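J.: One structure, pasted below without further comment.
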Amino acid sequence: MKIAYVVSSKKKCGPNIVILNIVKELANKHEMEIFFLDESDDDVFECVNVKSTQIKKASDLKEHLKRFDIIHSSGIRPDALVVLCKVIYRVKCKIITTIHNYVFQDLYYSYGLVKSLIWGLLWCSIWLFFDKLVILSKNADNYYWFLPSAKKNIIYNGIDDNDCLQNKKCNYRKEFNIPDDGILAGSCANLTKRKGIDLVIQTLTKEHKIYYIVAGDGIEKHNLINLVKARKLHERVYFIDFLDEPESFMSQLDVFLMPSRSEGFGLTVLESTKLGIPVITSNIPIFMELFDQMCLTFDIKNPSTLIDVITYAKKNRLHLSQKFHAIFQDRFTSSKMATKYENVYNN
């Protein structure tokens, strides 16, 4: 089978990691090529021996895609280009997309109500032209009730359980002078309102022996820094830049926090669990479905409950990490995910 993947860029992000893990699992069985639209500083696909080609215009993509049996896209621009090739240029192949988000919620937190409605409706209209749609959860399946049920397939994301942990490049306890009896919590995120980092900051006080490191960049970072200053938590909350390889950072934490207001899936939950770090998530429906037995939760409507949950996670870290990792291996490995994608490609 000849499979083409169409993405916005080759930078490291959740949707690209999903495609990377599919490619890792299936490249030895099928002919594959990755098409990307924009240049990026990093290349998440550099570790796989698969050809990648930049696309400058739709007509270029049309000529390339004639060679393939399956086209799998991810993102609004790749989705639009693939549909254009299918509908206007009559490229004869099966087209598939993975819907990684709750589109109206996601766009609302980034662009506001009006733009989220306009772009959300446009994106949903584009999805109607696909042969198959991959949804990441039952909760998302209900959210997208208006999309044809015959086209939808639920596939949980998965990650490679065999990746080796790189050497530590920075000792964060030493870097920020965090005492040995302090609880070190952390998050990795694109810093938008949707990620809920502010909920954690608003909950912490100087009286708690909890230290919080936030790794990432984004439009909310300045506001979050100001919130830390306003609450006089500069000795409790620290910010570091986006990490291309966050595993070293995660491995040094006592607990990983995922306080999102809305989330399509949450790959960093899997990455932390793989490393043996207990994870605490907000109690939004998507997390309750996916990670009910694999994570601890706090009430997003009552964030003050987070402190007790963090303390519990620290005291029971060994037991929780072993329990959560066993569930991860049973449900969320890349091999299980790739097998299900292969079934979608074939059917």
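Quick reminder: no glycine exception, Cβ is built from N, Cα and C everywhere.
As annotated in TrEMBL:
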DOMAIN    14-161  domain 'Glycosyltransferase subfamily 4-like N-terminal'
DOMAIN    171-319  domain 'Glycosyl transferase family 1'
TRANSMEM  108-130  transmembrane segment
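Quick one: how deep are these features, and who are their neighbours?
T.: The average pLDDT the prediction assigns to the domain 'Glycosyltransferase subfamily 4-like N-terminal' (14-161) is 91.
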J.: Under 8 Å between C-beta atoms and at least six residues away from its ends: which parts of the chain pack against the transmembrane segment (108-130)?
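T.: Apart from its flanks, the transmembrane segment (108-130) reaches 76, 79-80, 82-83, 86-87, 95-97, 99, 144, 146-148, 151, 192-194, 219, 261-262.
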